[in-house]
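Engineer: Could you have a look at this structure, given as structure tokens, before my questions?
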Amino acid sequence: MAALKYAGMEDTDSEDELPPGWEERSTKDGWVYYANHEEMKTQWEHPKTGKKKRCAGALPYGWEQETDDKGQIFYVDHINKRKTYFDPRQAFTVEDMQVKPKRYDGNTGALEILHGQDLSDKVIIVTGANSGIGFETARSFALHGAHVILACRNQSRASKAASLIMGEWSKARVEVLPLDLASLRSVRQFAELFKATKLPLHVLVCNAAVCSQPWRLTEDGFESTFQICHLGHFLLVQLLQDVLRLSAPARVVVVSSESHRFTDLLDSCGNLDLDLLSPPQKNYWSLLAYNRAKLCNLLFSSELHRRMSPHGICCNALHPGSMMFTSIHRSWWLLTLLFSLARPFTKSMQQGAATTVYCAVAPELEGIGGMYFNNCFRCLPSPQAQDPAAALSLWELSERLVQERSTPPQVL
């Protein structure tokens, strides 16, 4: 039907097709009824199947029901600035049967996953949200009503990112808070600033990362890739876990990478080695440091889920996609060239953000965690990433490292 197409829904031939002269309508509370224009009467049962139906859920996000001067109900799509007399919920009418979750793949975009979802009751933090996948992740959440916190080191770029989102939709709720994961002091300050807002926290997306960095130590004395990709996020979750508990059900989403498969964290005796995680300059290779940090992400995610799932907090890790043209490779011209050449054959930023968004809000993942996703499908990570002993060792080491660098509270 033309109305279906106008409302952004697909029309399909089925036994539900109405005879000539009939029209499908819905009440304000979502029950479907049928109008026979020839006989000027209405009924609850479908004229062919005899079944009763109701609309599935509330109106899609951004839609509003209004009444015209003649008393007829119509529907306004505020996001796309259009109106129709067709109830968009009628494309999803059900007979009190459970609908199977839709299957996604590597071509799916984040906004496609969020289609029809209302996130206006969600508060979401995204680290590294001023560019690339992080920006598309934050943008997708905000365009579906979530209150999104852009947690970024570069405040100027973060403010521009927030302006871009709000320029796309004036009602978007986007805030910027400073977060430099290369500084544990900054991580603590961010947690204090966020807690001062008194907001809940339903989703924390640990997205920020660096790759191919020249060797340098952070102000805390750690190799920068290790601290930015893992240790800073570890402390951030530790500091916000009380807010996550109070906001439960809540989710933590950790952006890892398939590159975790090409390294290990154990020494020749099978023990976790800090010199591998945070190596001295003479032993440093930037790509290997990145791979190890991504393996840390997976081990951290699984151990976090084991500890926090009894409190209503679930955690999953994911691979967003390979060789996408983001700013993560900006420190090495050779990688920039390689990524530029691969760009026509790789995912878009929207597609790269899809698995993050899926792990953050998919209804079928409610209460489920400790998993690794690629292209919105669960897959098995490397054997070492599945090692509970290694996950526990990394947790205990990370806990000790951040405690040793803790800043004593100031006396006011």
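Just so you know, glycine gets a Cβ as well, placed from its N, Cα and C.
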Engineer: Select from 50-55, 62-67, 68-73, 104-109 the stretch of residues annotated by Swiss-Prot as motif 'Nuclear localization signal'.
Structural biologist: 50-55
Engineer: Quick check on the annotations: Swiss-Prot lists region 'Disordered' for one of 1-24, 385-408. Which range is it?
Structural biologist: 1-24
Engineer: Do you know offhand how many angstrom separate Gly128 (NADP(+) binding site) and Tyr290 (active site, proton acceptor) by C-alpha?
Structural biologist: 16
Engineer: Which one is it: of the recorded positions Ala129, Ser131, Ile133, Gly134, Tyr290, whose Cα lies the shortest distance from the Cα of Ser257 (substrate binding site)?
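Structural biologist: Its closest listed neighbour, by Cα, is Tyr290.
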Engineer: How many whole Å apart are the CA atoms of Asn130 (NADP(+) binding site) and Tyr290 (active site, proton acceptor)?
Structural biologist: 20
Engineer: Given the binding-site residues Ala129, Ile133, and counting only Cβ atoms in the protein chains shown, which has the most within 10 Å of its Cβ?
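Structural biologist: For the binding-site residues Ala129, Ile133, the Cβ with the most other Cβ atoms within 10 Å is Ala129.
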Engineer: Hey, does DSSP put Gly134 (NADP(+) binding site) in a helix, a strand, or just coil?
Structural biologist: helix
